[in-house]
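Taking it in order: structure first as structure tokens, then the write-up.
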Amino acid sequence: MEFWQHIYSNFNVIAFSIFGLKVHWYGIMYVIALLLALLLAKFFVRKFQLDINEKHLDSYFIWVEIGVILGARLGYILIYDANTMYYITHPWQIFNPYINGEFVGIRGMSYHGAIIGFLIATLLFCKKYKTNPWIFLDLVALSVPLAYVFGRIGNFLNQELFGRITNVPWGIYVDGVLRHPSQLYEAFLEGIVVFIIVYLARFKQSFQGELILVYAGAYSLARFICEFYREPDFGIGFVLWGMSMGQILSFIMFITALLVYICIKFKKVNI
């Protein structure tokens with residue numbers, strides 16, 4: 001286990017360089033996640049014979065990716081970043097991938113911000129093309145979880161979002177301190193386990209939009225659990241009743257998904 005515990009000391013976050021441009025493993029994992037999500041979406045469209053045109057699907061993923069990036073970055077700046085006012089007064093720096101002339105990529109993304117950007121992009125896309133947003137949302141619920149696994153692996157390889165201090169034998173040393181590899185816990189619970197739940201729910205689906213609500217509930221619950229092993233966000237710490245900001249946002253997300261599900265399922269609300 002010694003090699004594993006000291007993996008960060010033996011691993012370079014930079015995969016390779018092209019003409020002086022450093023390509024990080026995180027970026028590679030992010031691209032893999034995007035491609036996998038699209039491929040899975042096309043697979044599920046065929047498998048479940050969904051009424052979605054492939055050309056529309058390709059366009060939709062472009063819209064969604066833009067929404068996700070904007071939402072994730074802005075969400076991080078507004079919720080987590082200690083330099084919020086700096087970015088508000090210097091908006092051109094929000095997506096600046098350089099620090100002191102060195103390319104480091106765009107760092108600082110919020111999953112919950114990404115969700116908001118994703119929903120806005122979906123609604124705008126479906127309004128423009130006059131399509132049912134719930135069909136696309138349910139498809140995303142099936143396609144994203146397994147792709148999400150690579151995103152969390154990217155966090156692990158990038159040596160960020162590490163866990164709390166521990167003494168478990170599978171912990172990893174971060175700056176000389178043994179910590180939980182919480183990114184991998186998240187990859188498993190928020191990715192693989194959530195996918196299994198949503199996939200099984202597909203065979204008992206009773207209304208359009210049910211899968212995205214199941215996903216929201218399952219993800220938020222998994223994230224809430226994982227936050228117990230993840231180091232609270234720097235500069236924020238524990239926010240309320242010993243909970244991290246991630247747990248508070250996940251709790252809100254879970255309650256929202258549950259209420260919408262109950263209203264639709266049992267109150268026969270039309271969507």
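Keep in mind that glycine also has a Cβ here, set from the backbone N, Cα and C atoms.
Positions annotated as transmembrane segment by Swiss-Prot: 25-45 (among others).
The transmembrane segment annotation in Swiss-Prot covers 60-80 (among others). Listed by sequence, the residues of this chain that lie at least six past the ends of the transmembrane segment (60-80) yet keep a Cβ under 8 A from its Cβ atoms are 34, 37-38, 41, 87, 94-95, 106, 108-122, 124-125, 136, 140, 233, 235-236, 245, 249.
Residues annotated as transmembrane segment in Swiss-Prot: 103-123 (among others).
For 134-154 (among others), the entry in Swiss-Prot reads transmembrane segment. Within the same chain, residues 25-30, 32-34, 36-38, 40-41, 44-45, 50-52, 60, 64, 118, 122, 125-126, 183-184, 186-188, 190-192, 194-195, 198-199, 202, 205, 208-212, 214-215, 219, 271 sit at least 6 positions outside the transmembrane segment (134-154) and bring their C-beta atoms closer than 8 Å to a C-beta of that stretch.
The transmembrane segment annotation in Swiss-Prot covers 181-201 (among others) and rests on sequence analysis.
Residues annotated as transmembrane segment in Swiss-Prot, with sequence analysis given as evidence: 209-229 (among others).
Here Swiss-Prot flags 235-255 (among others) as transmembrane segment. Same-chain residues lying 6 or more positions outside the transmembrane segment (235-255) and placing a CB less than 8 Å from one of its CB atoms are 79-82, 112, 115, 216-217, 219-221, 223-224, 227.
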